[in-house]
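Peer 1: Structure provided below as structure tokens; questions to follow.
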Amino acid sequence: MNFQQQGYRATKPRARASPPTGGPMLFDDTSSGPPPMNNQNYYSSGYNMAEMPAGGQEPGVGNIFADPMANAAMMYGSTLANQGKDIVNKEINRFMSVNKLKYFFAVDTKYVMKKLLLLMFPYTHQDWEVRYHRDTPLTPRHDVNAPDLYIPTMAFITYILLAGMALGIQKRFSPEVLGLCASTALVWMIIEVLVMLLSLYLLTVHTDLSTFDLVAYSGYKYVGMILTVFCGLLFGSDGYYVALAWSSCALMFFIVRSLKMKILSSISADSMGAGASAKPRFRLYITVASAAFQPFIIYWLTAHLVR
């Protein structure tokens, strides 16, 4: 009996019993390799859905925007930012209006050519009055008599470049010398404008001249300075002094005729008002002194460049 059972076991081994299909499994069957991942579910789906908020957002992110206190803080911060921006723009417009600055750069090629000819040959020009349209002065591109800041700015840059070239030709170029030349020219223009403003204020001269107007008229001298230095480099000292005399006379004539329409023309308007204390001869002194000062500045800023 035992022999038959042992022989039966040797010739016919017992087959592994398959697990029941319907009942739960206490242990995983690892004999045929790892089971697929999608068959394992150690956590309930209800628990996972409770941990993840709707919309796929991380916990706590949606609560910030849903919090009334956070929304109020954001609105208050944006209000403070807008108020600060308005205050900054108001202070900037108080000292330098952007719209007024755009007016002085509203030029075109035709205006630039006419203005340069007027600066070099002002003797044949007849009409010096600035034109208006509905109590607003026309832009420089529509009126050659209107002051601009484009020509003074470009002339100042060209003067600095020409000064660097002149110093390089004479083997005297260095960044320090060129920087000193540029700063000196800029400081002289600032001093001239400040003296002009102070004179108008002390003499109680009521005029429509703005600070930008004075900067423009003061900056036109750089055109004559460019001509003077260029002629000095080409023709030596003789060419320099001839160009200096021509550009100085032309600039003085231009300044007198232009400021005459701004300063002297307001005498009749102020004769019945508070500006009557400013006598006409004082206004004439301001105009003539501003024009007579130009040749000395031109000579001071160009003589060291031509040797």
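Think of each number as a place in line: the chain as shown, counted from 1.
Quick reminder: no glycine exception, Cβ is built from N, Cα and C everywhere.
According to Swiss-Prot, the region 'Disordered' annotation covers 1-42. Taken from Swiss-Prot, the feature topological domain 'Cytoplasmic' applies to 1-148, 206-213, 260-285. The topological domain 'Lumenal' annotation in Swiss-Prot covers 170-184 and is backed by a curator's inference. What Swiss-Prot records for 149-169, 185-205, 214-236, 240-259, 286-306 is transmembrane segment.
Locate each feature and note its surroundings.
Peer 2: Beyond its flanks by at least six residues, the topological domain 'Lumenal' (170-184) meets 160, 163-164, 301, 305, 307 of its own chain at Cβ-Cβ distances under 8 Å.
Away from its own ends, the transmembrane segment (149-169) comes close to residues 101, 104-105, 107, 112, 115-116, 140, 177-178, 181-182, 185-186, 212, 215-216, 218-220, 222-223, 225-226, 229-230, 233, 305-306 of its chain (Cβ-Cβ under 8 Å, at least six residues beyond either end).
Same-chain neighbours of the transmembrane segment (214-236): 104, 116, 119-120, 147-149, 151-153, 155-156, 158-159, 162-163, 165-166, 169, 185, 189, 192-193, 196-197, 242-244, 246-248, 250-251, 254-255, 258-259, 290, 294, 297-298, 301-302, 305-306, counting only residues six or more beyond its ends whose CB sits under 8 Å from a CB of the stretch.
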Peer 1: Could you pull out which residues elsewhere in the chain have a CB under 8 Å from any CB of the transmembrane segment (286-306), counting only those six or more residues past its ends?
Peer 2: 162-163, 166-167, 181, 184-185, 188, 192, 196, 199-200, 203, 205, 217, 221, 224-225, 228-229, 232-233, 236-237, 240, 244, 247-248, 251-253, 255-256, 259-260, 263-264
Peer 1: When you scan the chain for residues with a C-beta under 8 Å from the transmembrane segment (240-259), skipping those not six or more beyond its ends, what do you find?
Peer 2: 118-123, 125, 128, 145, 147, 209, 217, 220-221, 223-225, 227-232, 286-288, 290-292, 294-295, 298-299, 302, 306
Peer 1: Restricting to the topological domain 'Lumenal' (170-184), report the mean pLDDT as a whole number.
Peer 2: 93
Peer 1: How do the residues of the topological domain 'Cytoplasmic' (206-213) split into helix, strand and coil according to DSSP?
Peer 2: 3 helix, 0 strand, 5 coil
Peer 1: Under the DSSP assignment, what numbers of helix, strand and coil residues are found in the topological domain 'Lumenal' (170-184)?
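Peer 2: Result for the topological domain 'Lumenal' (170-184), in helix, strand, coil order: 10 helix, 0 strand, 5 coil.
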